[in-house]
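To keep things clear, I will list the structure first and then write my remarks on it.
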Ligand code: IFM
């Protein structure tokens, strides 16, 4: 891949927050020290995870967190985004782990940034209806209050949910992720209830005194396959489903046209008031743009995901681009397009942005492709800042290789390599590159 290697990454503003991200189920292991989650059930079913693996041990971060915090300190990041496992918090002594982790981070001078839900719903709640049930949003607010009460003296920056779009689409519409439901458009209540949970969580965090709160939504530009009306219509619909459906309730307090009517509940305007509870910043997870056309009557496959023919769109290849090991196209300039597009679409209503995830899967310790990916995306991010988009931080996905959901351990996103037999951590070339980049930033 072509890079501007050698040229330093341009300087970001003073106070810009640099970090790396992980999530509980993907790294912690210690499954016997917590209640079961939907992912424990899902991974136990044959054929659900490509390599047949589970996250029972994963990176064993639960036991090895001091070593991992030392890696963060060595990297020189200002912040670490991790997630708090709801099933662990429900289990005796579970919150103690996050207490210890928070103390360790603070002692190392790394700011803790917990995400309060990253897809690992407790099985007990799934059995009560999961995200198809409105009550789960209220239960989430209770969970948030418990965590905030315990950690709020040291944690000042919070993330409510991770990628409700993917959890709706992959987990409930297509059945590719836990809890494995294949409801297609009947999965829409899952979107509404997660958004409601987000709004209730913001209120619970404010009640606990928090004043630095965001959400991590995944977004990417949608590129129509052609200028034909059928392709434009399909791409517009995809954009609503993956981008606008999750951004607009939070940012504008409204659903895109026609979507509010499809949502469950007696009083959607009242719910939207909760969902639009002001956030202090808006988190964007960005990986790649998507090229979308009219349905072509066949099942298709995109980055490991099976897309059934009955969807009202089809995902097409972006030609002429390098792809990551996951098959995702590498298009750094689409990050600039995404951010300026958000600014143009939402104007003054758009809160400051934080890139809460960006990264790529590649094999190998000498991961020059990852360096090129990060280099290109940081330049693209800087271009967006120069164009006047208010971006306040950037987090790499991920600190270390981990359990990549339905792909198992086959996809390596880490700056640090994990040997899943010995659990030994080895910083990759990209770790050293990112550390040096941060030093240059001063
Ligand atoms: O590993 C995931 C993460 O859990 C959510 N965002 C995308 C990452 C890479 O697929």
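Counting begins at 1 with the first residue displayed.
A Cβ is built for glycine as well, from the same backbone N, Cα and C atoms used for every other residue.
Note: TrEMBL annotation is automatic and uncurated.
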26, 118, 287, 397, 404, 405 bind substrate according to TrEMBL; which of 162, 217 goes with them? 162
Taking 10 A as the limit, how many CB atoms besides its own sit near the CB of residue 163 (active site, proton donor)? 25
Based on the record's binding annotation for substrate (26, 118, 162, 287, 397, 404, 405), what whole-number value in Å is the widest Cα to Cα distance? 18
Give me the count of other Cβ atoms within 10 A of the Cβ belonging to residue 357 (active site, nucleophile). 23
Residue 357 (active site, nucleophile) and residue 163 (active site, proton donor), Cα-Cα, nearest whole angstrom: 10
Specify the secondary structure state of residue 397 (substrate binding site) as given by DSSP, simplified to three classes. strand
From the centroid of the CB atoms of 26, 118, 162, 287, 397, 404, 405, the recorded substrate site, which same-chain residues not already listed sit within 8 A by their CB, in sequence order? 23, 163, 357, 398, 402, 413
Ten-angstrom check, please: count other Cβ atoms within 10 Å of the Cβ of residue 26 (substrate binding site), all chains counted. 27
